[in-house]
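K.L.:
One structure follows; several queries about it will come next.
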């Protein structure tokens, strides 16, 4: 067996395979199907300072080779997470990471401060694709100023590993990654969903209640792969790649492009065991290519 271990900030992971937020619940939901302790890291669903009801239905739509979602970060808030969910998941033998969202910088900071006190949560992932309600609704992650302000504020309040999840809905994602790195991010993950929409031609109405939503799945992979390659060349912190990873081969491609770890999202809805299959597939690939460690393929793309 090859050495699959990777480091993301202070996180020492047993392998580079993680689950994407919003596609794996709190991990416990999958425990009847697979050995979830084999996964390198589980990123739980988005958590906000206060309870959120989410968007009205319909808020999901299937598309060719993908899906659209506009769930709207439905969750019961960070206090509920700390008091009711954390006690259930804290002893799962893998890294449990919390995805943090907010509608103002102080929301991110307060949420991060609360999670910082949870001993067995070693990292957070900042979702900066959220609209800043104090700045006319523009997402934090679409300008270097917005990225810098939220990352810097959270970094000052949060002492563990800080992962920043980047939006692809920008002109230059490498600039956003550099801004995150300059303001204290330990790692960047990309890509978040692409903005898309679906229309019911007979009704002449949008399918989603919000009109637009986030697109994920196999169709976005070439875009995600290109962005990971660009960002990996632009920063000196570990890059976590995601977007359309449906099998082990996709995962290997992201690592060749420069990702130190990968996240599996939409594929979890299709095959609950996909994470385990990808872990085994990466190991088989390394052995076939005579690699003793997964580090040998990170950024090994020959251009």
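The backbone N, Cα and C atoms fix where each Cβ goes, and this holds for glycine too.
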K.L.:
21, 45, 46, 99, 127, 165, 217, 243, 244, 265, 266 bind FMN according to Swiss-Prot; which of 191, 199, 297 goes with them?
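P.N.:
Among the candidates, Swiss-Prot records only 191 at this FMN site.
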K.L.:
Taking the mean position of the Cβ atoms of 45, 69, 70, 71, 72, 73, 127, 192, 193 as the substrate site, which residues outside that list, in the same chain, have a Cβ no more than 8 Å away, listed in sequence order?
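P.N.:
Apart from 45, 69, 70, 71, 72, 73, 127, 192, 193, the close residues are 22, 46, 214.
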K.L.:
Would you mind reading off the Cα separation of residue 243 (FMN binding site) from residue 45 (substrate binding site), to the nearest angstrom?
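P.N.:
A Cα-Cα distance of 16 Å.
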K.L.:
Check each residue in the chain of residue 21 (FMN binding site) that is at least six apart in sequence and keep those whose C-beta is under 8 Å from its C-beta; list them in sequence order.
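P.N.:
Result: 43, 44, 45, 46, 99, 125, 127, 165.
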K.L.:
Spatially, and counting Cα to Cα, which of the recorded positions is closest to residue 191 (FMN binding site)? Options: 70, 72, 130.
P.N.:
130
K.L.:
What is the interatomic distance between the Cα atoms of residue 70 (substrate binding site) and residue 130 (active site, nucleophile), given in whole Å?
P.N.:
12
K.L.:
When DSSP states are folded down to helix, strand and coil, where does residue 45 (substrate binding site) land?
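P.N.:
In three-state terms, residue 45 (substrate binding site) counts as strand.
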